[in-house]
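Features reported for this protein in TrEMBL:
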DOMAIN    157-276  domain 'Palmitoyltransferase DHHC'
TRANSMEM  33-53  transmembrane segment
TRANSMEM  65-84  transmembrane segment
TRANSMEM  204-226  transmembrane segment
TRANSMEM  238-260  transmembrane segment
């Protein structure tokens, strides 16, 4: 009976908690919230213990406040970038389809108004400008738009997602964690609780760059503290060493992740395309040393850094002639003419 009363009390408490905080009723959102809280607590623990134990750092802060100010600025900037990235949209196919359909409706209304005004002898209305974001999709349906990006003769059934029941453009993939199709799908990040795709890949790169710099700086401060205080209170040193060991592992992992995604950016690839290349139909017959979507290092960097104004920009598959050009080996003349750029 006591057990039953405890369970009833627990259920009522959970119901009240879910009523006050509806986001906790969803298991996926609840686990994502727990991960976010855990990550923030880890940051606070590492920085808090550092300032609690290291008296030399406190003295240095009094003499050179700019040093600690820069470190704390990087600390807060990393946490802000984390929440910005986790709350950003990766660019869902359904949202892109709605945007294209809304653009088509606006263009049709604009063309009708233009026809009516020309009949009345008034000044013509300018054409629809918002459709330029979709590379020639002023008045094209989503299905035709997607099929035009594939080689002629491609079956429409092979492009339809069986879960979302929507036509997938090239480089899109259905994420089973988010239960949505993502444009330029890279991977689903558990720590961020969201997919990494066309809309937030740049934000994700900046986050891991800032996180790597913060972890490196924190590791240097811990090593400096241990070298200066190794003969003092042993339990302080033990705690610092226990924290430094997992921090070193995180640093190695973050640096490898940063270099890996930098390579993907320079070659205009995604993690999914690199890992599952032989299983993706439109990449299966392309040699591994050929990057079919690469436009050169400089163009890839520009599109990645400055092309985020429109997260629904779609990219067609390269033609056979373009693939042949990209598979051609580099010569000294190509290097001098900056073919790789």
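Note: Cβ is positioned from N, Cα and C throughout, glycine not excepted.
Long-range contacts of the transmembrane segment (204-226) within the same chain, counting only residues at least 6 positions beyond its ends with a Cβ under 8 Å from a Cβ of the stretch, are 46-47, 50, 53-54, 56-57, 71, 74-75, 77-78, 81-82, 84-85, 186, 189, 192, 196, 237, 240-241, 243-244, 247-248, 250-251, 254-255, 257-258, 261-262, 265, 304. Taking Cβ pairs closer than 8 Å, the transmembrane segment (65-84) reaches residues 36, 39-40, 43, 47, 57, 192, 203, 206-207, 210-211, 213-214, 217, 221 in its own chain, all 6 or more past its ends. Secondary structure of the domain 'Palmitoyltransferase DHHC' (157-276) per DSSP, as helix, strand and coil residue counts: 71 helix, 14 strand, 35 coil. The average pLDDT for the domain 'Palmitoyltransferase DHHC' (157-276) in the predicted structure is 92.
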